[in-house]
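Asker: What follows is a structure written as structure tokens; I'll ask about it next.
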């Protein structure tokens, strides 16, 4: 199963032509390239918590009569950032549109995790160039993780001068000011902060639905895996205060939301940066068990920080679901060491044993990289054997993609691309084989499903997910959308289940 890019829409307006200039001055003042050495000097600058977000009077009705469109690439964190930007646009008076043709402002919220994602963004910028020619007042912006990479911003400035604004991951709350500057500037507005970022509370949000919601519990990552750009693009680990998180989730529950996914680049490190209290993800999850909401999930986990207390709390069940996404990346201890994952094959397998002991019906999924520099046949076979031993339900699988500025990008690699592709094919065959075997076991079982809406493939069919994150398709009245129902599984496919309704909506206790 390969990564699927999620696309979200929404969006806004105006700008002027630009001259060719030396843009190096922007990087001298507000931008630094990714640097492992500099990034590891973290902790000297205090992380501020801002609770007073508000729009100054000058921005009242700033966007009245204008429309905005946001295209989102990448992870759930980006999706949630898009919800925040949509909230700011709406507060400014803008209206969303689902067409770039109708938009006054187009933002591309980007992902830097793999080269393929970057290529898609530059391809889209090429398409937007003709739109800009037809509408010189259109504002085009690039934000998100790609904007935190100096080489990417240089490329935008040199080859995509129709872009009006570039901003990063740490200053979304400054979107009104960036829009205003871009609207009246003759040059591309570049505002990319090299500081590690603060925690900004009370930002407006326009959520994509009223059934499920993302809730950030922390930002950034300090793990510095050798292949990963995220610690540079998202900054150091910084946690939201538990009272702010719990208040937000209680508010969502009161407004009828049924499922919450707690977000962080490394959620298991939650609370490790607190200096006044000893409080981690296990403590937070234990408190969230008491909130009147049907389901609580979290992503993404790092095996290194997955502690016994969290496992104990998850074993209590209730509204804490039995699905855990636990990226392993490789089954070879030697490869894991080169990746700087800071755990071994044996440590990972012991963690899995503890999880399954505490949560017997736990469903585990994972991420795996193949073709890391100099990966041997034997090391790849260790990944295959670990996959079988754990018995994952599915996995996101990737061929290693070098990211400029990371240590792995400098490693010599003697593995031909043909070999990497062959390994990926073999791994995917195993993933598919185990996926259908796991799903077959659901036949005849009755499962709880949260109904998301109509199936993408058939509007006459409803679709939803189990507590273990299995997609289920079934025929039922559309009035059940947003409800928890009981479904008897009648058929299993590789990536989904089919079933029939056996019970009306379930009351959430």
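Note that Cβ sites are derived from N, Cα and C of the backbone, with glycine treated the same way.
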Asker: Which one of 1-23, 24-46 shows up in Swiss-Prot as region 'Disordered'?
Answerer: 1-23
Asker: Within a 10 Å radius around the Cβ, which one of these binding-site residues has the most neighbouring Cβ atoms: 145, 221, 225, 228?
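Answerer: Top count of Cβ atoms within 10 Å goes to 145.
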Asker: For the binding-site residues 75, 111, which one has the sparsest Cβ surroundings, going by other Cβ atoms within 10 Å?
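Answerer: If we count Cβ atoms within 10 Å for the binding-site residues 75, 111, the smallest count is at 75.
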Asker: What does the structure give for the C-alpha distance between residue 228 ([4Fe-4S] cluster 2 binding site) and residue 75 ([4Fe-4S] cluster 1 binding site)? Integer Å is fine.
Answerer: 14
Asker: Cβ within 8 angstroms of the Cβ centroid of 75, 111, 145: which residues besides those meet this for the [4Fe-4S] cluster 1 site?
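Answerer: Neighbours within 8 Å of the Cβ centroid, excluding 75, 111, 145: 73, 74, 77, 78, 110, 112, 113, 117, 144, 230, 233.
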Asker: Given the [4Fe-4S] cluster 2 site residues 221, 225, 228, which other residues of that chain have a Cβ within 8 Å of the mean position of their Cβ atoms, reported in sequence order?
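Answerer: Counting only non-site residues, the set is 223, 224, 227, 229, 230, 231, 265.
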Asker: Mind tallying the domain 'TRAM' (440-503) by DSSP state, helix then strand then coil?
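Answerer: DSSP classes over the domain 'TRAM' (440-503) add up to 4 helix, 34 strand, 26 coil.
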